């Protein structure tokens, strides 16, 4: 049966401003779409563009698939051949997109909270275009967070009391920041592990840091993070990084896999560094949800886009 508790938002930039009820409604809506539920009947053409200023394959492709499944018209945008390379600001690019008729922008950008000047412009009055955050620097990744919540809910049917370990390059991960905050609010017990130099005491309010081998047999969810070498330009630990040593100390190998609880799952936002965060032979193992996460991402992003369509009263939705 179709869920009637539909979320309505003018923009979708963070999970921190979502209520638990809205998160649950988005999960229900995404599951509805996954189970073959009808997409909303749009009464007018809707135009959307994907503006990815950082490399992406999964998120970009997933958003475009979601957009096409909803019946939206996708306007191509290639930063490498745009006026951004001539010094045009993101605000001015967005102003132009609105002027030519684009209704919503999906943006990934290296700057944390790039969206603030687009949704709350201090020196401008005219920009009025929907913004969906596809990742901002090391800040937030709301769509990855919500597809992760959907995947966990699909497997366990609940969040309260689940033990979830977030392991790896936590400080530089926007996925970790979004997930730890929301998992905590949903009632899960959050734990952290990985190199201590990539951990910050500011995360203590969400969970507890432990050595991986002390956690492995107790966790319901092992959430592995990619080592983000591209964000380590000023990090002295980058020069001494040893992939084999990292895998031995912080990766899921065959031995640790055998120690997992029978119903435990392994998650990873991708791309996976084989034999670093996870042994190559375990990527398609029964407990690894990597491809399930990607599959669920399309349906969660459909729910997110629909929420912005409703929030902006586009296509006859409200």
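Cβ atoms here come from the backbone N, Cα and C positions, even for glycine.
Annotation comment: Swiss-Prot describes 58, 59, 108, 141, 144, 270, 271 as carbamoyl phosphate binding site, evidence class sequence analysis. For residue 271 (carbamoyl phosphate binding site), the count of additional Cβ atoms within 10 Å of its Cβ stands at 12 [all protein chains shown].
All protein chains shown were included, and the count of other CB atoms within 10 Å of the CB of residue 174 (L-aspartate binding site) stands at 23. Summarising the annotation, Swiss-Prot assigns L-aspartate binding site to 86, 174, 226 and lists sequence analysis as the type of evidence.
Note: the CA-CA distance between residue 141 (carbamoyl phosphate binding site) and residue 86 (L-aspartate binding site) rounds to 28 Å. Nearest by CA distance to residue 108 (carbamoyl phosphate binding site), out of the binding-site residues 86, 174, 226, is 174.
Sparsest Cβ environment among the binding-site residues 108, 226 (other Cβ atoms counted within 10 Å): 226.
With respect to residue 86 (L-aspartate binding site), the closest of these binding-site residues in Cα terms is 59, chosen from 59, 270, 271.
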